[in-house]
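Some features that TrEMBL has for this protein:
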TRANSMEM  A:6-23  transmembrane segment
TRANSMEM  A:64-85  transmembrane segment
TRANSMEM  A:137-157  transmembrane segment
TRANSMEM  A:178-195  transmembrane segment
TRANSMEM  A:254-275  transmembrane segment
TRANSMEM  A:282-301  transmembrane segment
TRANSMEM  A:373-396  transmembrane segment
TRANSMEM  A:417-441  transmembrane segment
TRANSMEM  A:495-515  transmembrane segment
TRANSMEM  A:535-558  transmembrane segment
Amino acid sequence: MMIDAVGSLLLFFIVVILSWPLGKYMSKVYKDDLSGDGLLTKAERKIFRLMKVNPSSTMNIRQYLLAFATVNMIWLLYGFGILLVQGQSLLNPAGNPSMEWTLALHSVISFITSTNQQHYSGETGATYLSQISVFTLLQFVSAAASLSVGVAVIRCLKRTGQQLGNFYVDFIRSCTRILFPLAILAATFFIFRGMPMTFNSPETVVSLQGDTSVVATGPVAAMIPIKELGSNGGGYFGTNNAHPFENPDSISFVIHYIIVLLLPMAFIFFIGYFLENRKFANMILGVMTLGLVLITIPIVWQETNGNPLVSKMGIDTSSGNMEGKEIRFGSYYTSFYSGENAVVPAGTITSMLDSYMPLSGIPMLIGMQVDGFFGGLGTGLINIFYYLIVAAFLGCQMIGRTPVLLGRKIGLPEMQLATGVAVLQLLVPLALTAIACFVINETPGGNATLGWLGNSGAHGFTTMFYEYVSATAGNGSGFEALGDNTAFWNLSTSIAMFSGRFVPIAGVLIIAFLLSKKKSAETSDGVLKTETATFGLFLFMVIILLNALSTLPVFALGPLQEYFQMSH
Amino acid sequence: MKENMLPAIKVTAVAIFLFSILYPLLLLGIAYFGPNNGKGKIIEYKGRKYYKSIGQSFTGNKYFWSRPSAVNYNANGSGGSNKGPSNKVYLAEIQARIDSFLVHNPGIDKSAIPVDLVTASGSGLDPHISVQAANVQVKRIARIRRFKESVLNKLIEKHTEKPLWGLFGPKKINVLELNIALDNL
């Protein structure tokens with residue numbers, strides 16, 4: 001345990017050390033501060049000329065939102081179209097079929113929203129063509145879009161009168177300067193660990209014992225780096241990072257851990273350099289790290305202790321709860337990784353979360369709901385921004401001042417938008433879970449007819465709630481015993497993913513735009529200081545309060561009930 | 001809308017070129033220099049090819065057993081059991097696996113059976129077992145293959161993989177490699 005703790009601390013510090021200079025570099029990229037970056041600059045200029053976009057131009061809020069909506073609509077139509085006809089023979093050596101329309105719609109929404117919830121299995125439900133030209137592509141572009149929005153928000157906070165910038169310019173730069181090179185680098189590491197990168201058809205292997213099995217393969221190493229770097233999380237194979245081809249050994253595990261957290265953390269350093277307010281960024285970094293630690297610890301504690309009902313049978317359970325986990329990572333690092341992916345909505349898994357202990361489910365659900373303890377690339381900042389507004393408002397009320405954030409007065413419209421969006425984010429999964437429960441109850445024969453839940457009772461309830469929270473938060477992991485490839489689940493989670501992505505993004509852009517129009521208030525002694533540890537702690541409390549109040553009753557129905565039943 | 005359509009289509013075209021054409025081709029080039037030209041690490045034995053990292057089912061008494069798998073080591077449909085920790089069917093299944101293990105391995109105390117040997121992995125393709133899971137099978141294999149137990153113990157020791165830098169993950173054994181070595185004894 002001691003040695004494991006040292007290893008996990010080391011992993012975390014590697015991420016800090018790598019993301020720091022990366023954040024500095026990002027600040028240069030988005031300030032357009034790079035001089036003499038030969039080849040890339042030339043390529044960029046060509047792209048901008050081709051698109052007839054002036055790289056130093058800027059958009060107003062209406063233009064920005066329209067551009068964002070249009071480009072997403074095009075991605076949706078493009079992906080939807082290909083998934084419907086993927087069953088033809090181009091780059092489809094395994095002969096997998098086309099998708100049914102609700103599944104295709106769910107899959108494409110899932111990937112443009114950077115959620116990557118998958119109701120298909122990569123081995124039999126996708127083709128090489130769709131993996132590369134739909135899923136991998138959408139992982140890149142959705143990540144670049146989130147990053148651009150995040151940058152636009154920060155730009156608005158920089159100076160008064162500063163504008164959002166140009167969506168297309170930020171988008172292209174995110175692709176060429178950040179995601180593309182990092183993905184190539186990570187993929188190279190992965191390929192040399194034995195991850196397949198091939199367009200050959202799957203081979204049939206006869207095992208040593210004489211069993212015959214087809215071994216699914218493909219351009220795996222193209223998809224895996226960006227699924228982590230872009231906080232996407234959709235795996236090439238059905239079992240994501242638990243699959244030996246996606247995660248062959250401990251070295252690949254270490255790389256996975258690093259690149260999931262790398263860009264979300266680098267973004268915080270970026271804020272510090274870009275706003276020239278390192279203290280403010282450090283405060284946010286502190287709050288997020290605290291959240292990550294407090295969410296990871298209970299999961300690790302529960303999983304390494306093992307399942308008491310299995311221990312009762314008299315076997316040796318000292319290696320923890322190993323159901324759904326792989327030997328090469330062990331229960332400690334598997335659950336350590338799950339903690340990271342609950343707070344960062346990559347939501348990749350090295351194990352089957354459905355088989356986790358009930359009390360592990362609570363921190364995972366909280367981590368996803370907050371979605372701002374680091375959170376996704378760009379989207380983490382978006383979520384924490386809502387909490388910042390609420391916390392600054394409450395804090396200023398407490399000391400009897402007009403609410404101010406980073407020198408800008410928070411007015412009524414900003415406050416209404418911020419609370420509205422924050423509440424909606426909590427409400428959507430609750431309402432959808434209620435509807436799902438209602439459908440089960442009203443169907444004659446209930447779950448036996450529908451075949452939704454592989455585990456009954458309290459665990460089954462958690463399964464459904466988890467699915468919707470994960471969809472809304474853009475996380476994409478799930479309790480996989482859910483029979484989720486049905487029209488009901490495909491469409492209802494599509495609604496959750498759609499609102500969970502586009503409502504907060506539109507809201508945050510509007511708030512940031514409104515704030516950017518305001519005059520900077522004078523900083524004096526009486527003003528609430530948002531750079532201090534005190535405010536950080538206060539912000540943390542606000543986050544916990546908002547989320548705990550809304551979901552405590554649900555925990556009582558799901559994971560807590562299962563826990564008490566088990567220990568009874 | 002119209003003035004947005006054109007740049008949006010253009011930017012998508014640029015992205016398709018970058019990420020669906022240039023990027024995979026570059027990686028194919030890199031993969032050419034990778035292990036087995038980017039087709040996954042291979043073990044060759046008696047004219048047959050096996051993937052090193054894809055686990056195989058071993059259920060015969062003369063081999064070290066691999067872990068139970070929810071998909072029966074079907075490498076074209078990875079999957080875990082996804083059974084919840086309090087699921088009664090699941091708990092009964094574990095009990096049945098323990099009982100079956102004790103029948104096939106007489107003389108082994110129940111408390112020596114490690115949990116990984118009676119639980120299914122996440123991928124259903126776990127290529128490894130724990131060291132203890134190998135040790136607990138030594139008695140059975142020694143009896144059937146008429147080896148001394150010490151020979152098998154040495155074999156296990158030789159095939160035990162240490163944690164990376166002494167830090168990450170438990171000690172483990174690749175079952176396929178161990179069983180090939182066993183056949184070669």
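Yeah, the Cβs are placed from backbone N, Cα and C, and that goes for glycine too.
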Task: Best-contacting stretch, by C-beta pairs under 8 Å, relative to the transmembrane segment (A:137-157) and drawn from A:254-275, A:282-301, A:417-441, A:495-515, A:535-558 - done: A:495-515
Task: Same-chain residues near the transmembrane segment (A:254-275), Cβ under 8 Å, at least 6 residues beyond its ends - done: 11-12, 14-16, 18-20, 22-24, 26-27, 30-31, 147, 150, 154-155, 157-158, 178, 182, 186, 189-190, 193, 225, 228-231, 241, 247, 281-282, 284-285, 288, 336-337, 340-341, 344, 346, 348, 350, 374-378, 380-381, 406
- [ ] Could you name the stretch, out of A:6-23, A:417-441, A:495-515, with the greatest number of CB pairs under 8 A to the transmembrane segment (A:373-396)?
- [x] A:495-515
TODO: Determine which residues of the chain contact the transmembrane segment (A:417-441) at the Cβ level, with the cut-off under 8 Å and only residues 6 or more beyond its ends counted.
DONE: 369, 386-387, 389-390, 447, 450, 452-453, 461, 464-465, 468-469, 471-473, 488, 492-493, 495-496, 499-500, 503-504, 507-508, 510-511, 546-547, 550-551, 554
Task: Long-range Cβ neighbours of the transmembrane segment (A:64-85) (under 8 Å; 6 or more residues past either end) - done: 98-99, 101, 103-105, 107-109, 111-112, 129-130, 133-134, 138, 141-142, 145, 149, 152, 164, 167-168, 171, 502, 505-506, 509
Open item on the list: Counting only residues 6 or more past its boundaries, what in the same chain has a CB within less than 8 Å of a CB in the transmembrane segment (A:535-558)?
Closed with: 283-284, 286-287, 290-291, 358, 361-362, 365-366, 369-370, 372, 387-388, 390-391, 394-395, 422, 426-427, 430, 433, 458-459, 461-462, 465, 528-529
Task: Non-local residues, at least 6 beyond the ends, that sit with Cβ under 8 Å of the transmembrane segment (A:495-515) - done: 60-61, 64-65, 68-69, 72, 109-110, 112-115, 117, 146, 149, 152-153, 156-157, 164, 379, 382-383, 385-386, 389, 405, 408, 410-411, 413-414, 417-418, 420-421, 424-425, 428-429, 432, 468, 471-474
